[in-house]
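Peer 1: Below is one structure. I have some questions about it.
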Amino acid sequence: MVDPEEFSGVEDLPILMDDVKCRGMESNLLSCPQLQLNASHDCTHMEDVAISCTGTRRCQNGEIALAGGQYVSEGTIQICLDGVWGTVCDDLWDPTDAGVVCNILGYTNGSAIALRGAHFGQGTGPIHLDNVICTGSETSLLDCRSSPHNCGHYEDAGVICPAPQDADANCTNGDIRLADGDNEYQGRVEVCLHGNWGTVCDDGWDNRDAGVVCNQLGYTGGFPSAVSNAGFGRGSGLIFLDNVDCDGTEPNLLQCRGNEPGNHNCGPSEDAGVFCPARPCIDGTLRLNDGFNPSNGRLEICVNEVWATVCGTGFTDEMAAAACTGMGLPSDGEHIHLVDSLWNLIRFALDCDTRNILEHSLCLNAQYLGYGRRKNYVPG
């Protein structure tokens, strides 16, 4: 036994048992001979019993545990057979089988993701099951059809169960992002499931599917374009979706038809991507482009929902200072002379005195600003 003085905080608890005399075969402490529960006793909390358990708890047939995952709802599957923990081989392992595991563990709200190839790490001990085939209604994985294995632990099956969103999860289910594109409107499609980012396989990937992604991200209108064969580079981690088939009206990529999440026959060389139409700008909005840092660069203004450059003719210190203020940048009136851009060039001079060009706010602010000068910036 352990010295009960090592523990504290029990002074307010009642003493319920005294003179306990177990034989060692009882399955419950209340089954041991003792004074009647709650009967009078002659003890104080100085006599409280404490114990330290050693050894490994013997598991029950069919008991399931998950190991190696970042969250408690994911991991390599551990199953108990004849009192010994072992793993499951991934031959024929699919979302229906994974769903049985998740249901057993109490994760019933959503689709389970079946993982192969010891994704969460190799288990130890025997491999209990192989070629598992479940109907989805089983209450124990041992009730599913299976066979003796010819596997190694590098084939251990895993699962991601649809747990409630973890507070420290990386993302929210259904979130979309684009990765490794040249700008925010293009890139490899990555989707969030159960707090993890994963990619989309390009089997069946077309412009309608790309359109759902772009609309979800707010890039509406124009002509979205689907990209296949890891056109924006290979992703890492999980491949969540395959054979995606959208009709174009879905508000979220997860609502499109396709394989069950995690069920795919793809590799990272098949990661899907998109080119989205650039989001229209708001007339009169300013931005800096191709600078050395966010506070300098070529000045561009939105006219008729199209970004255009500004001709340097007649551009003054006052206008430069007002432009900085209009963009929320520090303004000390430093003049940056802008060289004409050949891209989408609309030639005009900003004239704050006459307030042309949509009466932009920079004209209204110029009178409040101080002035200064530095060497010209010429974009490369």
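For all residues, glycine too, the Cβ spot is worked out from N, Cα and C.
TrEMBL: automatically predicted annotations, no manual curation.
In case it helps, TrEMBL gives these features for our protein:
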- CYS22-CYS32: disulfide bond (DISULFID)
- CYS134-CYS144: disulfide bond (DISULFID)
- CYS246-CYS256: disulfide bond (DISULFID)
- 1-54: domain 'SRCR' (DOMAIN)
- 64-162: domain 'SRCR' (DOMAIN)
- 176-277: domain 'SRCR' (DOMAIN)
- 286-328: domain 'SRCR' (DOMAIN)
Peer 1: On a C-alpha basis, identify the one among CYS22, CYS32, CYS246, CYS256 that is nearest to CYS134 (disulfide bond); the candidates are the disulfide-bonded residues.
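Peer 2: Closest candidate to CYS134 (disulfide bond), judged by Cα separation, is CYS256.
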Peer 1: Rounded to the nearest angstrom, how far is the Cα of CYS246 (disulfide bond) from the Cα of CYS32 (disulfide bond)?
Peer 2: 64
Peer 1: Can you check which residue among the disulfide-bonded residues CYS22, CYS144, CYS246, CYS256 has the largest number of Cβ atoms within 10 Å of its own?
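Peer 2: When each Cβ's neighbours within 10 Å are tallied, CYS246 tops the list.
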Peer 1: Could you check which of the disulfide-bonded residues CYS22, CYS246, CYS256 is the closest Cα neighbour of CYS144 (disulfide bond)?
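Peer 2: Answer for the nearest of the disulfide-bonded residues: CYS256.
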Peer 1: For the domain 'SRCR' (176-277), what are the DSSP-based totals of helix, strand and coil residues?
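Peer 2: Helix, strand, coil within the domain 'SRCR' (176-277): 16 helix, 31 strand, 55 coil.
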Peer 1: Using other CB atoms within 10 angstroms as the count, which residue among the disulfide-bonded residues CYS32, CYS134 scores least?
Peer 2: CYS32
Peer 1: Between CYS256 (disulfide bond) and CYS22 (disulfide bond), how many Å separate their Cα atoms?
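Peer 2: One finds 61 Å between the Cα atoms of these residues.
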Peer 1: DSSP on the domain 'SRCR' (64-162): how many residues come out helix, how many strand, how many coil?
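Peer 2: In the domain 'SRCR' (64-162), the DSSP-based counts are 17 helix, 36 strand, 46 coil.
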Peer 1: Per DSSP, what is the residue count of the domain 'SRCR' (286-328) in each of helix, strand and coil?
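Peer 2: The breakdown for the domain 'SRCR' (286-328) reads 10 helix, 14 strand, 19 coil.
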Peer 1: Cα distance, CYS246 (disulfide bond) to CYS22 (disulfide bond), nearest Å?
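Peer 2: A Cα-Cα distance of 65 Å.
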